[in-house]
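Single-structure report; data block below.
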Amino acid sequence: MPGLTAPSDYSQEPPRHPSLKINSKDPFNAEPPRAALISSYVTSVDFFYKRNHGPIPIVDDLERYRVSIGGLVEKSIELSMDELRKLPKYNITATLQCAGNRRTAMSKMRTVKGVGWDIAALGNATWGGAKLSDVLEIVGIPKLSANSSLGGRHVEFISVDKCKEEKGGPYKASIPLRQATNPEADVLLAYEMNGEVLNRDHGFPLRVIVPGVIGARSVKWLDRIDIIKDECQGFFMQKDYKMFPPSVDWDNIDWSTRKSQMDFPVQCAICSLEDDNLINQGKITVAGYAVSGGGRGIERVDISVDGGKKWIEAGRYQKDMPYFADDDLGSEKWAWVLFKADVDAPENGEIIAKAVDTAANVQPENVDVIWNLRGILNTSWHRVRVQKASYVAKSNL
């Protein structure tokens, strides 16, 4: 791609914030500390999780950069950044979440394959760019189309980076054309993040944002957008990011029996506490995030300090204001909801959080029922352990 190149090694990586927890150095995969993640409704660029499959591409000449749009269309085109910026600009606040978020906890039950993520492999940002539905109209595909005139039913996004899983080829993924052409799906060709130009880790100069869907479909460093007949056949669509039952292992797996994962399930996690906590005070604040895929809102977040026997409902917030699910005027449907509750701390016990979305989907109680060999979509109740210092002192007598 003229103007945008993919290095073959990791010698030209961008600087990163020193507080990030590095889960993989090459390629670089990292997440922020728990408390930093929820310090702001909009996640700062520095503390937005970094998910990569190869060396970070380099823009050496932005004026020469073009994104190609072709495939099963009447007229293929190439668009420069200047041309994209002339299209109507939209700012969409949306949470991206890696499908492997909370994988480390799942692996404690039974070994899984993948980068070990704690609970912060997600972030909430305001993305700026052109709607994909507007761009596709330029190549002759009307809004709300499920098929192109030449039989295309999917939109494939192809990066410029080099992935070992693709045998040195680029990362790629696809979404259905009906989603791409629906203006209300808010699929963006984004060139800004939180009001600033994208940085290299997050896809500079151009990436796709597919709200409500696992982060693996929001391809960075775009090279081409192709209209294709069938779903993308790339590794990350066909041999990864699929949800299998606990009975499937690496000896009996058949990737063709499961669909590519798109929407993420309802999820919440406590960020104000670590896995194990020694406290002095009687009351503590339990705070964190809740989010659901597909634009579904969060109906409630429940907190328990006695192992799930009794529950209290946490307060929910967006933009530092009380949140009401399905409030079209005030809520941001693609964004997370922050929650907070002040509770009486148990002397020695477990604090639990679980969320319910507006479709009445609820997080499963235990991880064993959703265990899968790739360790994706761990949405089980989130649990942290608490001990009062006075209890520990008595126990040591």
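Each residue, glycine too, has its Cβ placed from N, Cα and C.
Copied over from TrEMBL:
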- 1-26: region 'Disordered' (REGION)
- 53-235: domain 'Oxidoreductase molybdopterin-binding' (DOMAIN)
- 259-388: domain 'Moybdenum cofactor oxidoreductase dimerisation' (DOMAIN)
In the domain 'Oxidoreductase molybdopterin-binding' (53-235), averaged pLDDT is 98
Please give the sequence-distant neighbours of the region 'Disordered' (1-26): residues at least 6 beyond its ends with Cβ less than 8 Å from one of its Cβ atoms. 32-33, 36, 46-47, 50, 54-66, 115-118, 120, 160-162, 170, 199-201, 205, 221, 223
Structural state census, the domain 'Moybdenum cofactor oxidoreductase dimerisation' (259-388) (DSSP three-state): 3 helix, 59 strand, 68 coil
